[in-house]
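Enquirer: Encoded as structure tokens, here's the structure I'll be asking about.
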Amino acid sequence: MKVRGAKMKTANKDTKWLSIFQMIYLIEVVVLLITMWVTTDKAIFLGNCIMCTGIAIFSMKFDTFQGKYLPILTKKFKWTSLNVLNWFLQTLNLVFLLGYGAPVIKKFASILGLSVNSGGTSYFHYFIAALVAGLLLIPYYLTVTLPKVENVVLLFLETLGIVSMYLIAFMAMVDMLIFYMGVPTDTISEEPVISVFFFVIPLVYANLIKNKFSKPNWLSKGNFFSLKSIAILTVFFIVIFMIDSAVWLHPMNTWKSVNLTNLFFSVRSGVGEEFIFRILVFSFSLYAFKKYQHGVQYAVVFQAVIFGGMHLINLLSPGTDLSATIASTIDAFGIGVLFAVLYLVTKNLTLIVGIHTIWDLLQSVVTGDGNMSVNGLAGFAISLTVCLLCVGYSYFLFSRNKDQVAYNANTLINVD
């Protein structure tokens with residue numbers, strides 16, 4: 001009875017803190033809406049004002065407010081699909097509205113000597129901009145979260161929303177920098193890393209906690225980490241990296257040195273993509289497929305398809321070769337399968353983040369740009385080879401560790 005009472009007391013305490021942050025979120029959105037209505041030219045942007053206000057009124061749903069006082073703010077939508085759409089709309093709405101707080105924040109930045117209107121940005125400016133944005137987003141993280149879904153179609157729509165917000169996060173952080181610090185005169189290359197640590201990671205943790213999924217385990221040792229297993233894994237990744245990078249076409253005297261831009265890009269990819277795909281998307285996928293006999297395998301393949309498909313976005317870049325993009329998509333699918341299985345076997349996030357980061361960094365050194373360096377049929381052959389090797393090794397790991405995989409899959413989504 002004492003244990004039960006202690007749990008109830010802890011739950012009530014958590015609910016109290018959640019209510020406080022949700023109230024702050026409500027106040028923040030109201031203040032931003034008022035600022036938008038006061039400062040915006042209605043002759044041009046009246047539609048924006050009406051749209052943002054409408055989204056704010058009809059989409060903000062709070063779990064802890066008393067329904068009898070504010071029913072429009074407490075009742076979730078009847079259809080889960082609307083709750084998924086609601087999360088996406090609220091997030092976009094807040095990112096858009098945050099820009100209207102810029103004049104006040106920029107004034108304080110100028111008083112403190114942080115404005116960079118007359119010069120280039122520095123790492124300190126990036127940090128300050130991210131810190132301000134992070135503080136403004138904390139109430140949002142604890143209020144606006146994704147619902148669990150058991151329908152594959154809804155899972156697909158939910159995943160598209162997650163990936164879209166992952167991509168928007170980078171643009172949002174650039175906007176924060178410009179809004180709060182002034183227009184930079186130098187090239188912005190560090191904001192992807194900042195957006196990962198101030199936007200992506202908190203977003204992932206908040207959704208995991210709200211849905212009662214397990215939080216990432218950074219340093220799990222498990223039974224996998226024997227000397228033999230580590231040696232095999234190391235040799236395997238060296239081999240597929242050499243194939244994937246077509247190292248025979250890039251003599252060592254043509255390799256590039258590591259620079260900060262490549263390092264930031266690699267860290268952003270390694271940390272950001274693993275949090276989004278192997279943690280958030282994978283957790284929701286495991287939950288959605290849990291009722292199927294081979295649900296774990298379906299979840300592995302699903303998140304890998306989404307991970308590979310995201311690389312098709314490169315087609316939007318001018319001058320991108322179609323065959324190289326499709327080849328990199330095939331390549332990414334195989335690697336996505338392997339990373340998911342590795343996480344299932346080891347539950348060690350550091351392992352897959354480290355491999356992903358080092359892979360991207362070394363590829364930028366060998367090929368010069370971190371992308372597939374071979375076009376045409378040769379590129380397809382290389383990607384298909386890497387994909388098949390990754391899927392084959394994943395099958396080997398999965399088969400050798402069936403019981404561990406099943407147990408870890410259930411613990412990730414807290415299913416007995």
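Backbone N, Cα and C atoms are what each Cβ position is placed from, and that goes for glycine too.
The transmembrane segment feature in TrEMBL is assigned to 20-38, 44-63, 84-103, 123-142, 154-180, 192-209, 230-250, 270-289, 296-316, 378-398. The domain 'CAAX prenyl protease 2/Lysostaphin resistance protein A-like' annotation in TrEMBL covers 263-362.
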Enquirer: Sort out the residues at least 6 away from either end of the transmembrane segment (230-250), same chain, that have Cβ-Cβ distances under 8 Å to it, and list them.
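Expert: Residues 331, 355, 359, 362-363, 366-367, 372-374, 378, 382-383, 385-386, 389-390, 393 contact the transmembrane segment (230-250) from elsewhere in the chain.
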Enquirer: Per DSSP, what is the helix/strand/coil residue tally across the domain 'CAAX prenyl protease 2/Lysostaphin resistance protein A-like' (263-362)?
Expert: 87 helix, 0 strand, 13 coil
Enquirer: Which value does the mean pLDDT take for the domain 'CAAX prenyl protease 2/Lysostaphin resistance protein A-like' (263-362) in this predicted structure?
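Expert: Mean pLDDT for the domain 'CAAX prenyl protease 2/Lysostaphin resistance protein A-like' (263-362): 88.
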